[in-house]
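A.B. asks: Got these off TrEMBL a minute ago, pasting:
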{"type": "DOMAIN", "residues": "B:101-280", "note": "domain 'ABC transmembrane type-1'"}
{"type": "TRANSMEM", "residues": "B:55-75", "note": "transmembrane segment"}
{"type": "TRANSMEM", "residues": "B:81-98", "note": "transmembrane segment"}
{"type": "TRANSMEM", "residues": "B:105-129", "note": "transmembrane segment"}
{"type": "TRANSMEM", "residues": "B:149-175", "note": "transmembrane segment"}
{"type": "TRANSMEM", "residues": "B:227-246", "note": "transmembrane segment"}
{"type": "TRANSMEM", "residues": "B:258-276", "note": "transmembrane segment"}
Amino acid sequence: MSEPIGIEIRNLYKIFGARPLDYVDAVRRGMTKTELNQKHRHVLGLRDINISVEPGTIQVIMGLSGSGKSTLIRHINRLIEPTAGEIVIDGQDVVAMSPAELREFRRHKTAMVFQKFALLPHRTVLDNVAYGLEVQGVAQAQRHRAAMNWIERVGLAGYESRYPSQLSGGMQQRVGLARALANDAPILLMDEAYSALDPLIRYDMQTVLLDLQKEFRKTIIFITHDFDEALRIGDRIALLRDGSIIQEGTGQEMVLQPADDYVSSFVQHVDRAKVVQVASVMQPLTAEAQGPAIPGRANLGEAIRMMSAEGVDRLTVLDQAGRAVGLVPMTRAVAVAAGGS
Amino acid sequence: MLDWMNRFPQMNEETLRNLKRFIDDNFREFTRSYGAMIEGFFDPLRQMLIQAERLMLGMPWLLVLLIVGALAWAGSRSVRLMAASVLTLAAIGYFGMWEDTMRTIAMILVCTLVAICIGIPLGILMARSNRVQSGMNPVLDVMQTMPSFVYLIPVVMLLGIGRVAGMIAVVVYALPPIVRLTNLGVREVDREVIEAADAFGSSAWQKLWNVQLPLALPTIMAGVNQTIMMALAMVVIASMIGVQGLGQPVLRAISNQYFTLGLFNGFAIVGIAIIFDRISQAFGRRLQKHRGGMDV
């Protein structure tokens, strides 16, 4: 199993058009997307993207359609050439790689899952899952063994000799996931991987991903336009609008301290009781800790349910070592859960 | 006064005559100097044509019928198509046209093979580069619309009358569909699937072989089908420059007004055209089976 590696994106710009390099400086100086489009007929894809993804974490990139999120994820394995900037992975700048280096990098360091699955329709499930290994030059017996293993892990045992068109959307995306995992790459790129699935199947697939992640600790970039999905999957979330990152942080940070009205409008319908952790709203410990206690990582909903069940109006908050570090009164828990601050 | 409007201001007749003579003389000169060399270059193809014809004529008729039946069955899994193909061919033989039919089939097979060997790589090149595509398109247009008699003149001057000249005429005419449809098929491959192949680090060759060609294959097969049809359409014209087969009796029938001879041989051409068409289409459809979600 490969060690997790981080991703460092620095000052990344992407301008679409005939002569993108001519306009980078103007965009750096603050030319807007509208001005660039109307005056110069170039489209601003990404503006000054800086993201640092810790090894072994899930970074969600969120945005509505046209925000540039699919453009951004395609820069990480350079399916799209950046106009300026660097992407450093494992000490190497992806932008500076030669075609041969890039091919090796794609074979061993990254694997990708696509929105519309992008399976090979003329190949069986087994040969689809083995594709990455085949490209690497792994012998057939060995790659089929590895592929079978992953087919079982994603719950498709018995379907290995079917063709993609014989499977439902959810099952096809399991094939897509198995194909990506079979590569044994430390970085997993998921481009709206679950957006085409219906809600129940989507929830199942999120669970599959989170379970696998506990075991394999990949560095995952996960693109979505669904904030609930972002909150459930992401260790951190970056919100993209018109090619710029508006806010980057944990889901809780976004809910409690939205950077601007745009972020607020995104998070206003979120069920805060499920997202906000007790530790982030607790008050200092006054005198002796007493009454029932709750871990700081529990959410407000759990705290409120516990207080009602126990018939108390405050809980002692514990840190990960089990020490009392604060208090959370019922009034505050309810106020924050209901949308206050 | 209006004279200049009624007569088109054409080139001086003297200049025009000299221009034509100049080109003719130079081409004749070129033929004299390089004709032997070019004939040598095409000699392997001549050998191939002769061998193919010998093979088709040497094969027992029962074996030919068996092979055609087997191909029809392999492509379509349909008893009806198999029976119809075998019966059509048998009827052609019964009416005394077996040998000419075998000659024509040999010619068509070699021409189709040559067209595929040239056409598929050209189509792939066209699909990979927009510049190649915009350069090739007018060439293909000329090949399809130029009356074949026109390019028969230089071909016959260079290679003389015979099989090779006939084959070149047929291939020039039958090549465009396979080139165009290969180009189209490769370009039509789903962008996301190509992206997936790239994302997993496929080399250009792996991508072509594992993804683009297999997915373009049904379209390419449609091109092969069209190429066979167009090659058959050229049989009579090719017979004018000495290609033996079903075309020659037709030609004789025209000059001597033998109505029945023309009709029989014409129907024989139509008959083998339909057999080839149905069998190659059936193969094309089989290649598509995984797209529709049919059970294997």
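Every residue, even glycine, has its Cβ placed from backbone N, Cα and C.
Thinking about packing and proximity, how do these listed features fit into the structure?
C.D. replies: Same-chain residues lying 6+ beyond the ends of the transmembrane segment (B:55-75) with a Cβ under 8 Å from its Cβ atoms: 81-82, 85-86, 89-90, 93, 98-99, 102-103, 105-106, 275, 278-280, 282-283, 286.
Outside the transmembrane segment (B:105-129) by six or more residues, the chain places 45, 48-49, 52-53, 55-57, 136, 163, 166-167, 170-171, 174-175, 178-187, 208, 212-213, 220, 223-224, 227-228, 231-232, 235, 238, 243, 245, 272, 276 with a CB less than 8 A from a CB of the stretch.
Using a Cβ-Cβ cut-off under 8 Å and counting only residues 6 or more beyond its ends in the same chain, the transmembrane segment (B:227-246) has close neighbours at 53, 97, 100-101, 103-104, 107-108, 111-112, 115-116, 119, 148-149, 152, 155-156, 161-163, 165-167, 169-171, 173-175, 177-178, 265, 268-269, 272-273, 276-277, 280.
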